[in-house]
Amino acid sequence: MLLSDRDIRAEITAGRLGVDPFDDSLVQPSSVDVRLDNLFRVFNNTRYTHIDPAQRQDDLTSLVEPKEGEPFVLHPGEFVLGATLERCTLPDDLAGRLEGKSSLGRLGLLTHSTAGFIDPGFSGHITLELSNVANLPITLWPGMKIGQLCLLRLTSPAEHPYGSSSVGSKYQGQRGPTPSRSYQNFVKND
């Protein structure tokens, strides 16, 4: 069941759902708008011949922070990682779905490639997978509305929420745009 604005406010007031910093004006009829943080991860495409999800490639991306009052310019065809300004904390009976803002989609900005789902129990800044599919550069301003977080109530609390030792949560507590840790999904045969 998708939470309404009144349910979202009630969950935040009760301290079960965390959206920090919280601004009540960002609550929409069935979502909470989230804003763009000021940190980005750009790909160093001259260091590798290819991306291998099975390999740890620590210098595949570099952290970039635009100067105060300046935007990050995302060029056509580019892909970077960003993050929400808000730290989001979900209880064990709520899951989240990050959606883009339609006004930005109409300009050619995609806010996530595949990872729009947030598990119950997650706590951290949500990493954004930003792509420009337009034919002109798009300026991304820290603090701008970048997406909307929809919240869904589970039929029962998760037995092993995200962050539990049994589920191998790789991104719990993340701050800023966090690079892929897909290599942790591969078993090493030494």
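Placement of Cβ uses the backbone N, Cα and C atoms for every residue, glycine included.
Taken from Swiss-Prot as is:
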type	residues	note
ACT_SITE	Glu129	active site, proton donor/acceptor
BINDING	Lys101, Ser102, Ser103, Leu104, Gly105, Arg106, Asp119, Thr127, Leu128, Glu129, Gln148, Tyr162, Gln174	dCTP binding site
COMPBIAS	163-190	compositional bias 'Polar residues'
REGION	161-190	region 'Disordered'
SITE	Gly116, Phe117	site 'Important for bifunctional activity'
Roughly how many angstrom lie between the C-alpha atoms of Gln148 (dCTP binding site) and Gly116 (site 'Important for bifunctional activity')?
10
A 10 Å Cβ contact count, applied to the binding-site residues Ser103, Gln148: which residue has the minimum?
Ser103
Near Gly116 (site 'Important for bifunctional activity'), meaning Cα within 10 Å, which of Lys101, Ser103, Gly105 (binding-site residues)?
none
Return the residues near Leu128 (dCTP binding site) by Cβ distance under 8 Å, restricted to its own chain and a separation of at least 6 in sequence.
Leu36, Leu81, Gly82, Ala83, Thr84, Leu98, Thr111, His112, Ile146, Gly147, Pro177
Quick one: Cα separation, Phe117 (site 'Important for bifunctional activity') versus Ser103 (dCTP binding site), in Å?
21
